[in-house]
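Structure first, then comments.
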Amino acid sequence: MNTQILANIPSPPQGVWYLGPVPIRAYALCIITGIIVAMVLTLRRYKARGGNPDTVWDAAIVAIPAGIIGGRTYHVITDYDSYFGPGKDWKQIFNFSAGGLGIMGAVTLGTLAVWALFKFKKVPLVPFADAVAPGIILAQAIGRLGNYFNQELYGRPTDVPWALDIYYRVDETGAFAPLTGRSTGEVIASVHPTFLYEMIWNLSVFCFLLWAEKKFRLGNGRVFVLYVASYALGRIFMEFMRADAANLIFGLRVNLVVSTVIFLVATIVFVWMKSKQSVPAAVNEEADVDNGDAEEQSDAEKPKMP
């Protein structure tokens, strides 16, 4: 007689709630929460490097919209069949509420926007890059909960005890609405919860970055590069388990190919990079960055930005 130790993981009955006519989307709430957590952590870490907290806010002002645009652009390019062709509505490209943000595009364009800002302000980018890296991966972990509420980015069908049950959702008219509808209680598939796998991986990378930074006194951009390589490695394994429709390159999923290239390049760069100083890079050389916290200082002792 077989005994199932764990029950399947149920999907949320819905991912959208309404306050009158105003939709409250779990996907958006998860992304916003991730951004807030990343900001709090980055402010603390950047200040420990002698940086001006206002610079973090300036970076957020350009990085957040650039990240959204970059993420959406990457998604549309890699999933163009959903927007172009017979029966498709290209105007859905601008329907951000339906989900569809590629993290690799978001990080790429967000990084370029911050680079341009720092170049204009004549502020060193490397200390900020190392300060923000753990916050980014932590935000990604929180953001994966949004995919859970949207019942998207799931894995292949499975009968493991921790399988994720995907429900049939319908809107007010009874039409199938997987993103915005309510569950009928009917399970249409039991799949690998890849959102949970990636969430756990991202949390592990977050802890790993903090440990490696302190253990090996990483600096001069190596924390950020290590983040890129670590996330890409995890994404490679996730792509092998994904079952949702995807465009292919050489018979492989686009995101698998892109993740592999990013992992290889980031790994080579990380090995090649040599620290120019024995401590993590700081905006102000007197800042204490070993413990990730700024020491309590009097007003006269606080590092000043030029």
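The backbone N, Cα and C atoms fix where each Cβ goes, glycine too.
Per TrEMBL, the features are as follows:
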type	residues	note
COMPBIAS	285-298	compositional bias 'Acidic residues'
REGION	280-306	region 'Disordered'
TRANSMEM	24-43	transmembrane segment
TRANSMEM	55-74	transmembrane segment
TRANSMEM	94-118	transmembrane segment
TRANSMEM	125-143	transmembrane segment
TRANSMEM	195-212	transmembrane segment
TRANSMEM	224-242	transmembrane segment
TRANSMEM	248-272	transmembrane segment
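Between the transmembrane segment (24-43) and the transmembrane segment (195-212), the number of CB pairs under 8 angstroms, six or more residues apart, is fewer than three, so the stretches are not in contact.
The highest tally of CB pairs under 8 A with the transmembrane segment (248-272), across 94-118, 125-143, 195-212, is held by 94-118. Taking Cβ pairs closer than 8 Å, the transmembrane segment (195-212) reaches residues 9, 133-134, 137-138, 140-141, 144-145, 147-148, 153-155, 162, 164, 218, 223, 226-227, 230-231, 234-235, 237-238, 241, 292 in its own chain, all 6 or more past its ends.
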